[in-house]
Amino acid sequence: MFQTLNPLEVPISHTNLIEASAGTGKTWNIAALFTRLILLEHYRINTILVVTFTKAATAELKTRLRIRLDETLSILNRTPDAANNFDLLKQNCHSNGKLDEFLLNLIQQALQKEDQARLQLRLKAAISEFDNAAIYTIHGFCQRVLQDFAFLCQVPFDIQLDEQSAENQQIIAAQDFWRTQVATQPHLANLVHRHRLTPENQLFELKSFISRPYLPFRQPECQYDYAQTLADFQAAWQNIQSEINQIEADFWAIQPLLDGRNFRKESFTKKFDWLKENVRFELPDLANLRKTLENSSQNIPFHYDFIDEKIKKQRPDENKMRNVAKLGELADLTDYLIAAEQNVLHQLSCDFTNYLRQYRQEQKKHSPQRIFDDLLLDVHHALLNNPEYSQSLVDSLAQNWHVALIDEFQDTDPLQYAIFRTAFAQTNTPLFLVGDPKQAIYGFRGADIFSYLQAVKDSEYHYTLNTNHRSHKKLMDSISSLFQREQAFALPEITYTPIQAHRQQSDLSDNLSSVQIRWLSNHDGENQDKLVKQSAAICAQQIADLLAQSAQGSLKINDENVHAGQIAILVRAHKDGAVAQRELKRLGIQSVLLSKANIFAEPEAQAVAALLEFVIQPQKLGLLRFVLSSCLFKYDSADLQDLNIDENKLLTWIDSANQTLEVWHQFGIYSALQQFFTRHQVETHLLAQKNERSLTNLHQIMELLAQEDELSHTPTSLHQWLNQEIQAALKNNSITAEHQVLRLESDENLVKIVTMHAAKGLEYPIVFCPFAWKKSNDSSRQQWYISHETGEAQIISKNQYKQSDADKLSIQQENLSEDLRLLYVALTRARERLYVYVSHFQSSEQPKKSAENEGQFINALAYLLNADKNLTQDATAYENHWRNFIAQNNQNGADFEFIVHHDTHHSSNLKKQQNADLPNYQAKSFQNRHFQFIQHASFTSLSRQTQRATELLLPALDSDELQMTALPTTPPDGDSIHAFPQGAAAGMCLHTILERLDFRQPAVKQIDWINKKLNEARFDANIWRDAVVQMCDFARETPLLARVNLASLNPRNYLSEMTFLIHTTHFRLADIQAWFAAQKNKLPERIIQAAQQLNFYDVRGFLNGAVDLVAQTPDNNILIIDYKSNYLGNSAAAYTPHAINDAMAEHHYYFQAFIYAIAVARYLKSRDRLPEKIAVRYLFLRGLDGITDNGVWTWDIDVADLTKWT
């Protein structure tokens, strides 16, 4: 029998269970009890143990408890002679206009025992020692026990929490088990191979059981000798393999004499076709074989008795019947073998789990590293399985903490309850277990409602909180009416008792009913995905309407306009929240999706991973297209098509990738990504799209990458790390570290979208549950289950679940109960109004009407209304059922309204209405402060202002090298360098080969390098190797100066890919054009004229670029080499001096050479090695012959002419 809790009167002794329904002030009562223990019962603050189950709850409890002590002390300080000044004391006990009766009575009782000064001194002491208060999470408590009593617990003194290392150790242990227990047994190895089992996927399936040693596996009822069963099957199968044609012939001989309804020709033709196709295999797929040998009723039509029963008149040949019946015998053996395999695999999983449990125990003996689950296991072991020291540990805990308050106890498990029972209950230490079984919703995390129910039986005293301080009376009565059916939470031990509301009226200004039931018309039985979108659209529109009313001043809470931040949408799954957010965004309503999701499971993480790979390998243009079509850039198909047909545009991104990689090497990944996103205005675009979610995710990923980058990762290894984190997060196969939890955008004045699990403990004025109609989760897809059917928790396999009606019923009942508890949590979050969406729903996944399904319910709401699946599949009947329920309960004080929705409508002026009550901000006028813009430029960026649409270029590769040229009248040789493909990938490939080539050695001796680069660039080395080798040799041997070619250079005297960044304050177009005009005797007229066409802004800042090769010749000349892969014609003869001059002029390469010469001169001047001349040679690679200067553009620059810029 439950009594109403009074925190001033409850005895501080024995074990007390306090059931705190939603909104009844659980935390307030804990704080009241805590304050009483300090002030009235004289407990020191460090002797009161307070345990809750999350860090957030711990932080909130600490704050609330400290505030309560501060309030009490403040009242005493403001009330002189409080014992004799009741009126002033009562006045000071008012807060926000309300009398705090508890504090008033507490202080009065305390003053009766001792004087006011001592009370004030006690409170000051408690507050000053508050940092020592024993307020922990369950893991924090266990860690404290292990640290303070390491010897008694028999654990290392320096325990370290390291989830990642332990996870890695688990993987190693799993692989060890596979190597020693599986690979050594041929039959077992073959079996797991056929079932595609690996150490990794088994670890994923069984991971949740490894840290719960109290959960045993139930052994299969029927045991088969697998080896013998397999041998029997193989013998029968070999017989079928040799006789299948005769068996088929015999079947068709007797088939006309059998009942045609059971032996249809078309069906059995398919069966024999499958058998003839699969007899070539030593062992067929057993599931498909079984399916082939059965009929639509899952009977075996090849059984002799079945054939005999279906004979029409004339009896078939007996031998033929017996021969066909061999397939029936094979079907039976298939069943036996499948069962035997299931037993073997079941035992394998059991052994695997026990091996990892034991492995972890052994590891802990020799290592101080622990994971969170280890903390509980170690304390549990020390208290219950350590006979030498356990009693001493129990006594020590009782001396350390004189009273224990356990919050959120409904989320306990057998391990936790055993710890508290042993440490406190069995020593008669006062123990308060506070929770609400109706809000036990964390079964998927290992919480066990049956442990709470056992605690109910074990507790001497039971209390309840009977007043709801959150919702008003009409809302409370309406919610209560939903839970009035017998066994409202499916499990008989969990009951619903109506409680009273502290507040009688709603604070909302309109007169709508407190609970809005919105019926979604779905007469077509739309599938679930379509109905989700419809629900989200209607929900978004209703929120828009509420905000519009508020903007017009007709919807207020306590005389203040309702704003978006007071509205919450509760969803069960993160993906449903994303749909709701998209619909809100479509209407211009900003929202925040509150989630505990892993940041690495978000699409931004995959986009960044692809971006990093592209930065590392820019020749992989497919990666670029993936990045551009991702959430960061949102290119559509038309944008990508433009990119595909205009290769010049690709070069912007290729150049950007190379610059990003350079910054990455020099300054780290954060600076590199920050510069990349700034250059491409990613943040600006995301903000313009009001996509704060992606922007927040992006910055969080950048920070995590930067943290990991500090561990001295190379770009490749950091990219691999990111991919591993993404894969683990997508598989839900890793511990989500606190810093990896999805960070929230600012939620100020935004609609909250919250999962029902995350909403527990929170409240919102207006709550929408748009997906309450959805089907409950289908447990039949699980591989393992926890069954309590026998009275004890056991792990059972999917096969055991299917075969046991008792287990199936028990597990379905537990799942339904958790669904009901989750629904209760969602409905009780509302303070003023609740919107619940309901609908008839039928899909291809839902079972059709049958007697087998009667009594089952499609979801928790249907259960509460006692509407079974047959009823919920009938739209009209289910709608009427709701109408009757509402009409009946409204007569008894409930406050429902039932509205049918057919479709959505849109408000064109929503944004104006939504923001009408916001201040009318005006942009501040900008005052020019004459800051000088620091410009970064290159030949690429300057020349693109001159050329038609040339983009930023890769320093080693120019857009004009990649432009598509009109097909020549005479085709080039099929395998010559002139036939080598054109485009970005081809140009980069040739440059990369030359960049690392040893010019002293013939190219054929470096064939491995050439093959590698050709294959990496997706060019078949078998086709193009010879042409590229010849091109490399021509480049080596082509004369550049007198007696100088690349082959004559010493590698110590040249530098490939010399990057530069030079400062300039006077790089003016007019000066440069005048300079080129003065070079009439040194440059062709065609180039002089082209220089006058240059058009760019003056540069005040930095020039950057990269020179393909800079060399010092044996006679101390300085040589600048640049490779060009431009296609000018179909043979070397096309690369005449005139054609090359035209190319140099058209694409302004002479200007590039000018910048390179300035950079090299600057470099040499800084080392006092400035030469008189710099020789510039542009090598058009397709036109070289290795003998003459064909394909070479020559320009010797007098360094003195460059003085203005050097």
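Every residue gets a Cβ built from N, Cα and C, even glycine.
These numbers come from a predicted model, not from an experiment.
Under the heading active site, for nuclease activity, TrEMBL lists D1122. Annotation comment: TrEMBL describes A20, S21, A22, G23, T24, G25, K26, T27 as ATP binding site. The Mg(2+) binding site annotation in TrEMBL covers H991, D1108, D1122. Residues or ranges marked as domain 'UvrD-like helicase ATP-binding' by TrEMBL: 1-472. What TrEMBL lists as domain 'UvrD-like helicase C-terminal' is 484-761. Residues or ranges marked as region 'DNA-binding and helicase activity, interacts with RecC' in TrEMBL: 1-907. Here TrEMBL flags 933-1206 as region 'Nuclease activity, interacts with RecD and RecA'.
Of all the binding-site residues given, namely G23, G25, the one with the smallest number of surrounding CB atoms inside 10 A is G25.
Under a cutoff of 8 A between CB atoms, and with a sequence separation of 6+ in the same chain, the neighbours of S21 (ATP binding site) are D436, K438, T464, L465, N468, T497, I499, T828. For T24 (ATP binding site), the same-chain residues 6+ apart in sequence whose C-beta sits under 8 angstroms from its C-beta are L465, N466, T467, N468, H469, I499. In this structure, D1108 (Mg(2+) binding site) is part of a beta strand by DSSP.
Spatially close to A20 (ATP binding site) yet at least six residues away along the chain are K26, N29, V434, G435, D436, T464, L465, judged by Cβ distances under 8 angstroms. Restricting the binding-site residues A22, G23, G25, T27, D1108 to those with a CA within 10 Å of the CA of D1122 (active site, for nuclease activity) leaves D1108, listed by sequence position. Separation of the C-alpha atoms of G25 (ATP binding site) and H991 (Mg(2+) binding site): 72 Å, rounded to the nearest whole number. For the pair formed by D1108 (Mg(2+) binding site) and A22 (ATP binding site), distance between Cα atoms is given as 72 Å, rounded to the nearest Å.
Every protein chain shown contributes to the tally, and the Cβ of the residue listed as 'active site, for nuclease activity' ends up with 21 other Cβ atoms within 10 Å. Neighbours of the ATP site: apart from A20, S21, A22, G23, T24, G25, K26, T27, residues of the same chain with C-beta atoms within 8 angstroms of the site's C-beta centroid are N29, D436, L465, N468, H469, R470. In the three-state DSSP scheme, G23 (ATP binding site) falls into the coil class. Sequence-distant contacts (6 or more apart, same chain, Cβ under 8 Å) of A22 (ATP binding site) comprise D436, K438, Q439, N468, R470, Y824, V825, T828, R829. H991 (Mg(2+) binding site) sits 69 Å from T27 (ATP binding site), counting Cα to Cα.
Under DSSP, D1122 (active site, for nuclease activity) is assigned to a strand (E or B) in the three-state scheme. The Cβ of T27 (ATP binding site) lies under 8 Å from the Cβ of E60, L61, R64, D407, each of these being in the same chain and 6 or more residues away along the sequence. When averaged over the domain 'UvrD-like helicase C-terminal' (484-761), pLDDT in the model lands at 86.
Around D1108 (Mg(2+) binding site), a 10 Å sphere centred on its CB holds 21 further CB atoms from the protein chains shown.
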